[in-house]
């Protein structure tokens, strides 16, 4: 049973328009905070200087305040923000001249009146400068159309790769390893659609619709399409190999995080969990996807050598045949170089979005 109510330690600071109260309670439960007749009433269960108990206090403010306080609970404390009805500097917080024993200045946020005026002036100047900059930037009459196109593009790609991922996962649970051998015949049409549509990402980067660098996009899209259309699509012998399952599966997992992240970014929404997945999941998945593509190419080399498909026969007097299988061996080197370039690009992006500076800004 909870003991008698106690007063917690409360620290306060002010600005011209706001009051800040920091209540030293951890693990706060059921906070009841109201302002009636210019008096703040506080009551909550929490862990304070006297242990777990019910803590409460009242503060009658020096001047009128708005009756709707904003409360933010953290694991270690509870923060209350109260708006003043008039923008001015108070000589003290409470109507009573003698400061209550439980109340003390919050030196982490404390400013003198002159410092607060300087801070307010800097904020006003920053706001004015921002408005000036925005007024100088010409408004794009097609920005809503562009945003709508990007949202729809990313949504369609997300739905396509989600269908691939869910279909392959369900088949894997039902059929087990047998699902490996007919992956191409059940999934290829949708993969053809998604990877062909992905060529638009190169165009988007070229015309400036997105700020993504062009080279990583070209390396990834042309590398995937080469594997899909040339290595797998042109050789029936490759289409029943288990490696097709792993190529398609790793591609789809990467994209079901990437496309919804960009779709939400187009409309100014950031979901922290999705951001973390977008810039973390690629660490194991991207090398595994590149390795799967390399395995598919290695398995196709003997088939191309035997059939002579896509080999180039130069006219006499040279009478030389350039085997496509030899070109594939050279392409393997380019594949791993491309993986390295994209890996480096994604690592830089991860540092920008999840690094220490980003967390500090938040």
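Heads up, the Cβ atoms here are built off N, Cα and C, so glycines get one too.
Per TrEMBL, the features are as follows:
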type     : residues : note
DOMAIN   : 5-94     : domain 'CS'
TRANSMEM : 149-170  : transmembrane segment
TRANSMEM : 247-269  : transmembrane segment
TRANSMEM : 281-301  : transmembrane segment
TRANSMEM : 321-343  : transmembrane segment
Self-check item: DSSP residue counts for the domain 'CS' (5-94), split into helix, strand and coil
Solution: 0 helix, 57 strand, 33 coil
Quiz prompt | Distant-in-sequence neighbours of the transmembrane segment (149-170), which means Cβ under 8 A and at least six residues beyond its ends | solution = 179, 183, 186-187, 190-191, 193-194, 197-198, 200, 204, 209-210, 245, 248-249, 251-253, 255-256, 259-260, 262-263, 266-267
Self-check item: Residues from the same chain, set at least six apart from the ends of the transmembrane segment (321-343), whose C-beta lies under 8 A from its own
Solution: 215-216, 219-220, 223, 226, 286-287, 290, 293-294, 297-298, 300-302, 304-305, 308-314
Quiz item: Taking residues 6+ outside the transmembrane segment (247-269), which of them lie with a CB under 8 Å of any CB in it?
Solution: 147, 150-151, 154-155, 157-158, 161-162, 164-165, 168, 183, 187, 191, 194, 224, 227, 232, 275, 277-278, 281-282, 285-286, 288-289, 292-293, 296
